[in-house]
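Annotated in TrEMBL:
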type     : residues  : note
TRANSMEM : B:20-43   : transmembrane segment
DOMAIN   : B:70-260  : domain 'ABC transmembrane type-1'
TRANSMEM : B:74-94   : transmembrane segment
TRANSMEM : B:106-127 : transmembrane segment
TRANSMEM : B:139-158 : transmembrane segment
TRANSMEM : B:200-219 : transmembrane segment
TRANSMEM : B:239-260 : transmembrane segment
Amino acid sequence: MPLVTLEGVGKSFGDNRVLSDVDLSVEAGEVVVVIGPSGSGKSTLCRCINRLETIDEGRILFEGNPLPAEGRELARMRSRVGMVFQSFNLFAHRTILDNVTLGPTKVLGQKRGQAEARARELLARVGIADKADRLPRQLSGGQQQRAAIARALAMDPVLMLFDEPTSALDPEMISEVLDVMRSLAATGMTMIVVTHEMGFARSAADRVAFMADGRILEIAPPDDFFGAPKSERARDFLARILQH
Amino acid sequence: MSGTPIVLADPPGPRGRRRILISSIIALVVIAGLVTLALLRLASKGQLDGELWSVFVDQPDLRTLLWNGLLDTLRAALTAMVLAVILGVALAMARMSRHRAVRIPAVAVVELFRSLPVLMLILFAYLGLPALGWKLSAFWALVLGLTAYNGAVISEIFRAGIASIDRGQTEAAAALGLRPVQIFRLIQFPQAVRRMSPTLISQLVTLLKDTSLGFVIAYSELLRSGRGAVEFLGSRYALPIYTVIAVIYIVTNNLLSALARWLDRQQNRRLGGGHAELPVDGAVATGARPAAAVPEQGGPGGTRT
């Protein structure tokens, strides 16, 4: 059974059709990288999977069950899915350590000491153990994003969603975040990653999904996709971004 | 808050600096002239005579009277402040509720209290409620009137504070599996309080000044005590007594502001130090926007939605 299944998913913002007839299934342990031009609906797709956006058509299954619409069940489902945002979204008034322990203590009901020990371990794993007592605004963008990854991992998720995790970063900080994501992929974490980083897609993805105009036009292993893209749109897109 | 003052324009160049210097000198001369003129006029009318001003030394009863007046002012103000903040938070939460049945009454209450003069609310509490069979002392009538008006205003300040928090904060909390009530308590509320604190303090200063409206229902607050003293001692004592009362108000309100600044600093220190507004080594990428200021909420009656 796939971990996540999207069947005929469609969504519009007013007259603007952002997703049409999207089918996708992701197996446990798989890394799927979603690429495509701006406005192709990749972020919306990512945000639909933990219901930060609602869908108008089709259905999304998580572990075989339709996404809960509200309440305790929705919160429980979200607690099993980690999310990393483009703009980090660390809680601005809490220290890095508190950011990481908030979910485990308030959602999972862990003891403070246990949550803290685990948080420090995760912060060390993403390379910012020394920043535990800082506030988010005192960290660089790359450090903030790594803290955000640690925050998501502290919930022991079965799936991680990355919504353009490096798009808001200065160029020199992109690789430090991608390295963390690569090592996470290597541990067997199931990941859906929306990104513009083709190098990451090539090296870390099991499959690459190419989106344009709200549809998935192609989905294939990276070697096949980058070696011989089938659709005109994908060839165009790759030609444009690989030129420089 | 400290350091360079907030200015609206570019830093001035050499010509601008010369112009600013010249206009500053002219302004100083004019102000000094006006003050001298006022003092001369007062002196010629005998208003600056030592005997008039030594009344505070000669009359211990006057000191006691003003001191008790100040205590009554503070008692009413502090009680109303606590109640108004509680009411404000409750109204703001009700107004942001998902349920219309909760939202609509809250909107009605806020708009009603906000659009009536405080004085009218105080009079209603003192004269109107007894007609409904609920008799209040002058103290509670004043507190109730101030609470109703300021609670409504504070709820709007608070709502603006919540609205100014980046959506991403709420989304990140929801993505962790936090429930809406937890998101409010753990993420939105603490951040809103910090952002709205300057506006909130200025509203509380307004509240403290508005306690002087207690005079219409014979509540013995500071200003009324002063007026009583002037009536008793004679109107030539009006200037000294009212001047001293003004100074007391100024000092009290500045102490209130200083207390707020001190609390803010304590909180900053507890949160790992550093200047609150300054990001370190380029931490502000496109995503991490600096805190959007809560829209300014003017003096009494000067709030907007």
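Placement of Cβ uses the backbone N, Cα and C atoms for every residue, glycine included.
A TrEMBL annotation is a machine prediction, not a hand-curated record.
Beyond the transmembrane segment (B:74-94), the same-chain residues lying 6 or more positions past its ends with a Cβ under 8 Å from any Cβ of the stretch are 102-103, 105-106, 109-110, 139, 142-143, 146-148, 150-159, 162, 184, 200, 204, 207-208, 211, 214, 219, 221, 252. At the 8 Å Cβ cutoff, the transmembrane segment (B:139-158) and the transmembrane segment (B:106-127) share at least 3 close pairs (sequence separation 6 or more) and count as touching.
Here the transmembrane segment (B:106-127) has Cβ contacts under 8 Å with residues 91, 94-95, 97, 136, 138, 140-142, 144-146, 148-149, 151-153, 155-156, 210, 213-214, 216-217, 300-301, 303 of the same chain, all six or more residues outside its ends. Proximity of distant same-chain residues to the transmembrane segment (B:20-43), defined by a Cβ-Cβ separation under 8 Å and at least 6 residues beyond the stretch ends, is recorded for 12, 239.
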